[in-house]
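Per TrEMBL, these features apply:
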DOMAIN    12-104  domain 'Peptidase M50'
TRANSMEM  6-32  transmembrane segment
TRANSMEM  82-104  transmembrane segment
TRANSMEM  110-128  transmembrane segment
Amino acid sequence: MSIPLLFYLILIVAPISIAMHELGHALMAIVLKAHKVEVSIGAGKKLGGISRKGFQLSIYSLYFLGGVVEHEKKHPYKLREIIWISLSGPIMNAIIAFIVYLLYDWIPNNYTSLFLLFNIWLAVVNLIPFKIKEKQTDGYTIFKEIIRRI
């Protein structure tokens, strides 16, 4: 991989894809009537954000290092709601990958390919249930909730 392509991955593709993934979770939480939704993109020093009627978006200096969504609902979530919220991030990445795939005929280059492949990777990996320290995938969240409710 060339140096410009690596910088493109780290500084543009990963942050945009991760932000869209997290916004997918946030959007579904809002649709399912969460009264509080907080989206955090990155780590480190807070650069800024927006806040409106129970929705908060915060961007941190190391914006390419992942993201997280925290949401609360006045009444406990039903299992299917947790599953939908968990699936909505990978679904968002799959939708982005599909759109980029359609655009590839008009913009066939390594940058488009990388954007496509990263979103496919992000969708698939997040469906695999595993946990590393305090970080867990969406697949792990679904698996944990199903086991907890059996």
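Quick reminder: no glycine exception, Cβ is built from N, Cα and C everywhere.
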Chain residues in Cβ proximity to the transmembrane segment (82-104) (below 8 Å; excluding those fewer than six residues from its ends, i.e. six or more beyond): 17, 20-25, 27-29, 32, 69, 71, 112-113, 115-116, 119-120, 122-124, 126-127, 138-139, 141-142, 145
Long-range neighbours of the transmembrane segment (110-128), counting only residues six or more past its ends (CB under 8 A): 2, 5, 8-9, 13-14, 17-18, 21, 89-91, 93-94, 96-97, 100-101, 103-104, 137-139
Secondary structure composition of the domain 'Peptidase M50' (12-104) [DSSP: H/G/I, E/B, coil]: 45 helix, 35 strand, 13 coil
